[in-house]
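Colleague: Per TrEMBL, transmembrane segment is recorded for A:12-30, A:36-61, A:73-95, A:115-131, A:143-170, A:190-207, A:219-241, A:269-294, A:306-326, A:338-358.
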Amino acid sequence: MEKANIYAGQLFVLMFIFELGSALLIPLGIEAKQDVWLAIFFGMLGGLLLFFVHLRLHLYYPDKTPPEFVKELLGKFFGTVVACIYTVYFLYIAARVLRDFGEMLVTFAYNETPLFIVNALFLLTVVYGVYKGIEVIARTGELLFVILYALAIAGFVLVVVSGLIDFSYLQPVLEDGFKPVLQTVFTETWYVPFGEIIVFTMIYPYVKNKKAMKKAGIIAILLSGVNLIVTMSINIAVLGVELTARTQFPLLNTIHSIQIAEFLERLDVFFMIALIIGGFIKISLFFYAGVISVSVICNVKNKSKLVYPIGIVVLFISLTQASSYAEHMYEGITIVPLYMHLPLQVIVPVFLLIVAFIKNRHKKEQSL
Amino acid sequence: MTFKLRKLSKARTTSSKSNEDEGAKTEKNEPLSDSLAQNVEAVKQKTGNSADISIREITLNDQAHTKAAVVFVEGIVDQQAIDDFLIHSLINDDDLKKNPADNILETIAEKVVALGELTRVHNHSELFQALFNGETVVLIEGFSEGVSTDTKGGESRSVDEPPTEISLRGPREGFTESIRTNTSLVRRRIKNEKLWVKSITLGKVTNTDVEIMYIDGLAESDIVQEVENRLNRINTDSILESGYIEELIEDQTATTFPTIAHSERPDVVTGNLLEGKIAIFIDGTPFVLMVPAVFVQFFQSVDDYYSRFDIATSIRLLRIIIFITSLFAPAVYVAATTFHQEMIPTQLLIVLAAQREAAPLPAVVEAILMEIIFEVLREAGVRMPKAVGQTISIVGALVIGQAAVQAGIVSPAMVIVVAVTAIASFATPSYNIAIAARLIRFVNMIAAATFGFYGIILTFIVLLIHLCSLRSFGVPYMAPLAPFDASGAGDTIIRMPWWKVKKRPALTVDGNVMRQGDNQKPSPPTDRTMK
């Protein structure tokens, strides 16, 4: 853990961009068809639930990062094992997200460029940010937030003005009942992006004002949820369910559809800026959490020494974890949510919370 | 190996420093002797009989015939004052004529000298310090101390309109090379005992006067302390301009962005002092440093504060857009024409493509070439005598602009882009941030040439990270935007009207944040019966 201090407003900004991150770009929860907004909504509620679990756990040890306090909860051996698993998880997800963004860029703009170069450049930016520390990432986030929101509003206005929106695509509501919606929630939207806020347990100790922190977290989750709902609904209202489901990046197609006065068209660069800003914050936070975990587990005082070697590891994982985009997506849809997200985002934190509850109650009895 | 070397060199510098200090001590701190002749001889010998050291020997009293010498440096003293109030009095004063030799020094100090400030000098170091500060020293036979009077004067530039910071509305005064004039210009604007000035002498050879000025109770005491510490740390032979000090005390050296602001205008310095900042005056330069400095400060001009807030806000927004243009315009052109042709509207693309077809060079080479030529023109123009300046503009406009296009070496669109960038880089009010943007522009062009918009966006994010990581005397460089601070945000890229700006920026001000009372918004009576 480095010596830093970030305030609740910065946490809000980071959480907000983090949640939008990649979720804004992919066909999130499209298995629920036109009821995707419901799927995201329930995912958001689930995310709030997880946020409270993480927060409660954090408040038992307000000044400690998870790798520090799991040792107290589970004993030295099991604590270290759990901390190591989380470290690998954070770094793996950082690599996955990096792969996502690299693949996107290669697919839609740089067909000739090797994935390695695209990923390496992106990671270099992330490494620079993480090297400078969480305070700098938070401050950069504040500026990026303004840019992202300005772009979002401009894009929204342009889509509306172009007259592309057809609300009949969003009907009928609940055509096949609640089952497909809930299925989407439990296989996708709960974990990505909302469950991923588990990574913020590494950031909470830097925030001094815990009350404002709770508020910032709730507002960030709600606002990002609403933004995702609006974005996905617009995507479907513009493209229709079929096209949204088939395309890799529905938002890109929506932006492509904008045509105003034969001048404002093909605003790919809007999409690209949003993509890179979201990706930067998301990868930075996962990577940062991984670096801090390693520094805590291995007792490294100067975490900036770890940034470059771990950066190379992440870059390597991002390239080797799947041999093709199809394999990458298959892993992302079938394996990662079930075997990584569900246990590490939900089961382990709840288990830790129960342990913490019992332990601390025991402590109180002792002191009495 | 490198580590060892560094250690060695460190040891060497410290040892040499202590040697010099010892040498200085033994040489300078000799006490004055009783004998006037010896003292005068010492002055002559130590100054190498310099032509501008004037020594006037006079006889003070009638009976004892006590000799005295008036020593001063010509040119830096007020000759008239010395003649009228010192030498005249010393020769003609009746008390003095009758005075016995033994307490003549007291009489001179208390009764004879008709000048403001008076101090005693006891040793050579004090004597020379006084002399070179423009004081006049009277040495008297039989006394091992001298009397030094303040006769500072001589030629200096008068207070004039500053050439580098011109404003449409506002005071026309600018700082001069004299430190006392400069502090007085600020003192006249803040008539308050809380305006404090601390003095320090820097430069082992030049002995330059440096003064820090701040408003006690507004300036954060930690920052004042930090400024003093950093100034005291300076151990160099000379301070010739504020730039020397700027480089020696800044927080981050590996950056092109200025983390210390400077100004030639007393009203700018006054405004900064009122926000809790600290001004550093250096004798011999009209540029006054101000710390801590934040990024947005470099986009604010004095005119903003003297014109209506809505006008000021829109002009500030324009400046930010201009700054971003000067950073990214050529890069975006290169990226759009080489990588992302599909983003250009069809009609425009046809025009551009027709031009590009004939151009022999790739867009990025064209861009870098033209940008370098522009930089050369600018550099040549800066130091060109006015009479020759026209030649440069003709060569620039005709030969390079028109001829290059007609010869088909560069495309006309590129000339437009470079011209827009050039104008944009001059529209930023602060020269030192505009020049930072110039350098980064080349990095952006290379990034755009290799990776298109992806490269530009990544360099932009790296630039943001870099800016956010900078600090100026502990204050984050991007404050009050990031970290966002509501109390300071009213005067950033926008300017709120004065009646809205109730607080001072909390990051630089020490607790005392309230700037004005409530209800400052003017509300004239609604019925217009008032005559």
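Glycine residues also receive a Cβ, built from the backbone N, Cα and C atoms like all the rest.
Note that TrEMBL annotation is computational and uncurated.
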Colleague: Please figure out which one of A:115-131, A:306-326, A:338-358 racks up the most CB pairs under 8 Å against the transmembrane segment (A:36-61).
Modeller: A:338-358
Colleague: Per the definition of 3+ C-beta pairs under 8 A with sequence separation of 6 or more, do the transmembrane segment (A:306-326) and the transmembrane segment (A:115-131) touch?
Modeller: yes
Colleague: Taking pairs 6 or more apart in sequence, does the count of Cβ pairs under 8 Å between the transmembrane segment (A:190-207) and the transmembrane segment (A:115-131) hit 3 or more?
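Modeller: Taking Cβ pairs at least 6 residues apart, the transmembrane segment (A:115-131) and the transmembrane segment (A:190-207) are not in contact, as fewer than 3 fall under 8 Å.
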Colleague: Residue list, the transmembrane segment (A:269-294) vs rest of chain: Cβ under 8 Å, 6 or more residues beyond ends.
Modeller: 1-2, 14, 17-18, 20-22, 24-25, 65-67, 83, 86-87, 90-91, 93-94, 97-98, 100-101, 104-105, 109, 122-123, 125-127, 129-130, 134, 137, 141, 144, 147-148, 151-152, 154-155, 199-200, 202-203, 249, 251-252, 255, 300, 303, 306-307, 310-311, 314
Colleague: Take the transmembrane segment (A:143-170) and find every residue of the same chain, 6 or more past its ends, with a Cβ under 8 Å from one of its Cβ atoms.
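Modeller: Same-chain residues near the transmembrane segment (A:143-170) but 6 or more away: 13, 16-17, 20, 34, 37, 227, 230, 233-234, 236-241, 254-255, 257-260, 264, 267, 270, 273-274, 277-278, 280-281.
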